[in-house]
Amino acid sequence: MVWKITGPLQACQLLLVVLSLPQGRTSSVLTVNGRTENYILDTQHGVQASLECAVQNHTEDEELLWYREDGIVDLKNGNKINISSVCVSPINESDNGVRFTCKLQRDQTVSVTVVLNVTFPPLLSGNGFQTVEENSDVSLVCNVKSNPQAQMMWYKNNSALVLEKGRHQIHQTRESFQLSITKVKKSDNGTYSCIASSSLKMETMDFHLLVKDKVFVMPAEPIIAACVVVVLTMAFALFSRRKRIMKLCGKKNDPNSETAL
């Protein structure tokens with residue numbers, strides 16, 4: 001259909017017609033804790049975090065969905081329409097970095113995501129007792145979790161560890177702090193302390209290293225070879241002796257060997 005506008009009166013009539021046309025749904029907007037954009041929520045270990053998702057500009061009831069990472073959150077029936085809340089309590093270190101997303105059920109492209117930033121003091125773990133033989137290699141692995149990230153260091157017998165070039169090596173990742181010692185000596189005996197220091201707290205974990213004498217183990221191959229040689233020698237000796245005895249017995253039984261009278 002072609003609209004032909006010839007004057008102001010016709011323009012007003014056209015505007016009235018357009019306004020009287022059936023209107024679609026108003027574009028709904030979501031907010032989480034009053035915010036319309038994705039954001040990071042700073043929180044602490046051991047507290048409770050509440051997230052409230054609400055629909056704005058809706059002309060009819062809207063159903064809401066909550067996701068934790070990629071898994072849908074099971075909501076009660078009274079906690080789905082227009083306003084929906086989820087509660088994380090108590091928050092622990094495993095919740096750090098977790099995404100919570102509220103979505104409009106009829107149009108899941110409409111969403112708001114909240115990422116938890118959980119601060120907590122250093123948590124240390126590892127094998128606290130190790131026994132190794134002299135001249136072997138050993139690694140002391142200190143597992144660490146911390147937010148904010150902790151500053152790490154190694155101590156030996158309550159003093160800062162002096163690293164020996166070629167024997168000591170330190171390898172650090174976000175979740176581990178490893179001390180490797182090659183060709184350990186008796187002087188490496190002692191208590192090694194993994195120390196983690198953050199703005200929240202300083203934590204220490206002790207690793208006890210015992211270096212024992214190297215046990216000399218005779219290689220199995222030479223022993224087996226020696227046994228085989230002994231057995232073969234004995235067998236050959238017995239065989240030769242048996243052959244000689246049989247010859248002697250044969251001479252005794254031979255009539256031609258008797259002395260003539």
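Note that Cβ sites are derived from N, Cα and C of the backbone, with glycine treated the same way.
The structure displayed is predicted, hence computed values, not measured ones.
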Let me make sure I read this right: Swiss-Prot says Cys194 forms a disulphide bond with another cysteine. Which one, out of Cys142, Cys227?
Cys142
As recorded in Swiss-Prot, which of Cys12, Cys102, Cys227 forms the disulphide with Cys53:
Cys102
Measure from the Cα of Cys102 (disulfide bond) to the Cα of every one of the recorded positions Asn82, Asn92, Cys142, Asn157, then give the nearest.
Asn82
Can you count the other CB atoms that lie within 10 A of the CB of Asn82 (N-linked glycosylation site)?
15
Which recorded positions are spatial neighbours of Asn82 (N-linked glycosylation site) here, meaning Cα within 10 Å, out of Cys53, Asn92, Asn189?
Cys53
Rounded to an integer, what is the Cα-Cα distance in Å between Asn92 (N-linked glycosylation site) and Asn117 (N-linked glycosylation site)?
11
Taking 10 A as the limit, how many CB atoms besides its own sit near the CB of Asn117 (N-linked glycosylation site)?
16
